[in-house]
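In Swiss-Prot this protein carries:
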ACT_SITE  CYS100  active site, nucleophile
ACT_SITE  CYS197  active site, cysteine persulfide intermediate
BINDING   GLY9, ILE10, SER11, GLY12, GLY13, VAL14, ASP15, SER16, MET35, GLY124  ATP binding site
DISULFID  CYS100-CYS197  disulfide bond
SITE      HIS125  site 'Interaction with tRNA'
SITE      GLN342  site 'Interaction with tRNA'
Amino acid sequence: MENKKVIVGISGGVDSSVSALLLKQQGYDVTGVFMKNWEEDDTDEFCSAEQDIADAQAVCDSIGIPFKKINFAAEYWDNVFEHFLIEYKAGRTPNPDILCNKEIKFKAFLSYVHLLGGDYIATGHYARTRVLEDGSVQLVKGLDDNKDQTYFLYTLGQEQLRQTIFPIGNIEKSKVREIAKENNLVTFDKKDSTGICFIGERKFKEFLSKFLPAQKGEIHDENGIKIGMHDGLMYYTIGQRQGLGIGGVKDRPEVPWFAAKKDLENNVLIAVQGHDHPLLFKQSLQAIELSWVAGMAPADKFRCAAKVRYRQKDQSCEVEVNQDGSVNVTFDQPQRAITPGQSVVFYIDDVCLGGGVII
């Protein structure tokens with residue numbers, strides 16, 4: 001550890017602030033780096049980004065470590081945002097946070113860390129690593145199960161994990177805030193960021209319409225009867241209730257409507273009534289673009305647990321790896337609102353095995 005150089009990604013939030021502090025206390029040579037991944041185009045977003053930079057700088061000054069800024073906006077646009085638009089255009093619902101970790105934080109940033117002569121990269125993710133006797137590294141859930149972020153990190157491989165430290169992986173979120181307060185870090189009571197990093201808190205629909213022309217179409221029930229109009233399939237996600245705009249439909253009970261399926265060919269959104277409507281449930285899925293943390297799948301066929309969305313409880317399933325590398329996943333219990341474009345992530349106990357993109 002003595003004089004090992006760690007470059008920590010400082011976002012201006014409490015998690016990365018405490019990560020930097022703990023590394024400094026543990027005797028590492030620490031530098032904080034703020035990654036700018038998006039060029040803001042509206043005043044509110046700009047002010048919020050400026051505040052994050054100011055907070056990141058203040059934290060580094062307070063801890064007594066150097067602070068740097070790096071602009072990855074071009075890389076982000078090319079490798080994350082354009083993919084995001086392609087997916088939405090195809091009617092899928094991508095997860096840009098997963099792609100951002102893969103392409104920016106643990107690729108572009110990692111290369112930059114090497115340029116700075118860093119031995120390790122560190123982030124404020126709630127995750128852990130475990131080194132096995134054979135030298136391989138496991139990606140392990142964060143101690144705070146409620147905050148575990150391995151779902152977003154499943155694309156990381158051995159090479160990246162060997163060079164990564166997750167300083168708060170062994171700590172509960174409440175304790176992280178406590179540490180920040182005790183050490184007078186300005187971010188101690190800053191609320192957690194929500195929303196996609198490049199949209200922040202602003203209205204998603206409004207944002208997306210700037211980049212993709214929407215094509216309005218009809219909403220049908222499961223029997224093909226028209227019950228309303230949609231603003232563009234890309235604005236809806238499977239299982240969504242809000243914003244469907246289906247009012248009282250003649251001769252139908254006053255039960256909420258949910259988006260169940262997208263018929264891309266005919267530009268039709270299929271909606272059903274009731275949170276637990278059978279059409280919202282599936283017992284199996286197929287996924288592509290698999291990433292295995294160990295470098296390969298545990299076996300051609302194996303049992304494990306899986307999540308089809310962040311913070312979902314682990315669901316028991318069987319995974320079968322196909323010749324082309326894709327997987328078929330069969331769950332013990334039917335799963336609600338499995339969404340194409342989102343990721344399915346696999347676990348055995350607290351170990352994240354990897355995952356793929358649902359089709």
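Using N, Cα and C of the backbone, Cβ positions are placed for all residues, glycine too.
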Alpha-carbon spacing, HIS125 (site 'Interaction with tRNA') to ASP15 (ATP binding site), which is rounded to whole Å: 7
Rounded Cα separation (Å) that holds between GLY9 (ATP binding site) and CYS100 (active site, nucleophile): 13
Set of same-chain residues at least 6 away whose C-beta sits under 8 angstroms from GLY13 (ATP binding site): ASP52, ASP55, GLY124, THR187, LYS190, ASP192, SER193
Other C-beta atoms that fall within 10 angstroms of the C-beta of CYS197 (active site, cysteine persulfide intermediate): 16
For CYS100 (active site, nucleophile), the one of ASP15, MET35, CYS197, GLN342 that lies nearest, given that the recorded positions are compared by Cα: CYS197
DSSP three-state assignment (helix, strand or coil) for MET35 (ATP binding site): strand
Integer Å distance between the CA atoms belonging to the residue listed as 'active site, cysteine persulfide intermediate' and ASP15 (ATP binding site): 16
Diameter of the ATP binding set by C-alpha atoms, the set being GLY9, ILE10, SER11, GLY12, GLY13, VAL14, ASP15, SER16, MET35, GLY124, in angstrom: 16
